[in-house]
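Notes to accompany the following structure.
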């Protein structure tokens, strides 16, 4: 046997060893897959369905349609003409929990789950139409309550979600003392745009878009700790945004911290000093409260008048050190619900192109109700906004406990005043800012070259009184 043949013979056991190890690894992988396939695994929600999965979903919808058609003649009319017929309820049997839905409340396996269910099948070549439904887990039946609101996004579905939130009977519960970030930022670029909510165009400002978008992320993330809360407001957000189901908490917190730092006071540039004159200096500029000028509907501007402007480096937005502090998650939910109601007043017929632009708008009238009443009445009904207010302690001169019922016996020089939480305060102050811009734009064609008004955040209620509709 030659030397070359000896090398080949010695290499044969090594090749066989590698082949046997490969087969062993493949067998272990196959066994692991087999074990996992037997267990109950939760399917990944973002995977594309295979052909078999699509066929199974199609058969499920066909079965639902057959049961709906076989109930009565109302079922046929409800299916073919959903917007023209009104019924109290249609009950059909359903063995499994549906897939195409938007939750209106938590999933309760021992009772009823409220949702908006898409009852149209894909083979009908029609857009998705959501109808408010109640699924009974114990009886394995679903109750459809027509008429459907339509597609999502749409103004009809947003209005129906606001109507359901007014009743508050979907099983939602409070979230205790869980806090979150305040997304009502004041120091943001100001611009207006038109959003398409379905086929409806809505005029929205930039601060409202920032607030609603960040609120959708924060409340979706808050459901990790509050599993029975925020379903209705998250359903409303689907009419404006595409919020992912799973949110990276670390990225969200870092983003909110960066945005929060941009709202703080402007830092002063440190100056070089000699060793002899070293002293303690304040890292921030001193905040001086300045009353904003009064703006009315008949204000006049003079083109030759000297306008004093505050330097950008000295502009402060909040005199205290607790600016942009955390708020309760339930307060954020209530404020977001209120802002969603204002979208209806920015749409037709309340916002026609040929409207009287100098008259009081329906949007301002609706906001004025919130200022004067903690349970304001809207076109969707009465909403409870009491969580957006708190008792603020204010000093009282020459007043005793017997003179005023609001004065506490232990501190006769102080009393409580009902005021707004920070997000609502910033929201109202932004209306003051927009009102200045509105009056400036009305006077600009008549007077030509004018300097835009400077605005500082309102530091007290007397500054907010500059709103021309405040005292009405």
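Quick reminder: no glycine exception, Cβ is built from N, Cα and C everywhere.
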Swiss-Prot annotation, N-linked glycosylation site - which of 298, 373: 298
N-linked glycosylation site according to Swiss-Prot, picked from 439, 449: 439
Candidates 109, 177, 439, namely the glycosylation sites, that fall within 10 Å of residue 136 (N-linked glycosylation site) by Cα distance: 109
Densest Cβ neighbourhood among 109, 168, 225, 439 (glycosylation sites), 10 Å radius: 439
Glycosylation sites: 136, 163, 177 - member with fewest neighbouring CB atoms within 10 Å: 177
Cα proximity to residue 163 (N-linked glycosylation site), best match among glycosylation sites 225, 356, 439: 225
Rounded inter-Cα distance in Å - residue 168 (N-linked glycosylation site), residue 439 (N-linked glycosylation site): 40
Cα proximity to residue 439 (N-linked glycosylation site), best match among glycosylation sites 109, 177, 225, 356: 356
Residue from 109, 177, 225 whose C-alpha is spatially nearest that of residue 356 (N-linked glycosylation site), among the glycosylation sites: 177
